[in-house]
Amino acid sequence: MAHPEEASATIGVLALQGGVEEHLRILEGLGADTRRVRVPRDLEGLDGLVIPGGESSVIDKLARTFGVAGPLREAVNHGLPVLATCAGLIYCARDLDNPSPGQQTLGLLDITVRRNAFGNQRFSAERTLPVLVGEETLPIEASFIRAPLVTRVGEGVEVIATVPHDGAEEAVVGVRHGAVTALSFHPEENDEARVHAAWLDSIR
Ligand code: GLN
């Protein structure tokens with residue numbers, strides 16, 4: 001929630017490709033100042049960064065072309081909080097089961113991710129699932145669009161959302177570690193603002 005007496009946070013959205021506008025709309029609705037991040041200087045003075053969905057191999061390629069991948073990794077390693085959705089989760093992973101040829105990731109989270117794990121179609125277009133948001137578990141409206149699955153969770157990485165999938169009761173679709181929260185799905189597609197709100201609260 002916006003606290004009028006506090007200076008509002010400045011939140012960047014990595015704006016190389018993908019669903020940038022939906023995140024900007026939600027963040028602005030929550031009272032944050034926003035900035036599109038494309039080049040290294042756009043990272044200066046940010047209080048947090050959102051990495052949107054889209055196509056992770058394209059985001060990777062463009063981030064390296066614009067020279068922002070290295071500075072971004074460094075900023076997060078120095079504590080810049082991140083909220084990542086879908087392709088953003090893929091981009092944060094240490095390892096991918098099925099990378100595109102030459103695809104690189106930021107390695108911010110010790111997880112392994114399988115891209116397009118639910119098939120190429122929209123999987124149950126929208127569904128409500130319990131997600132650990134801040135300290136509470138809330139029913140979150142989520143869209144799964146060519147969504148990835150977390151197939152390995154490293155030590156210290158907390159699971160915040162699961163769905164039954166492919167015989168597994170609890171396939172992992174949301175994780176957090178330190179200041180990095182990453183989801184396989186898109187709350188922003190449904191104007192679901194509570195994940196963003198809790199993340200903002202945690203960094204203010
Ligand atoms: N399948 C996409 C990828 O590999 C992610 C899809 C999404 O972000 N909605 O990047």
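Note: Cβ is positioned from N, Cα and C throughout, glycine not excepted.
Here the structure is a predicted model, which means the values were calculated and not measured.
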Of ARG94, ARG114, ARG115, ARG176, residue recorded by TrEMBL at the L-glutamine site of GLY54, GLU55, SER56, ILE145, ARG146: ARG115
Which same-chain residues, if any, lie at least 6 apart from GLY54 (L-glutamine binding site) yet have Cβ under 8 Å of it: GLN17, GLY18, GLY19, CYS86, ALA87
Fewest-neighbour residue among recorded positions, criterion Cβ within 10 Å, set GLU55, GLU188: GLU55
For ILE145 (L-glutamine binding site): DSSP state (helix, strand, coil): strand
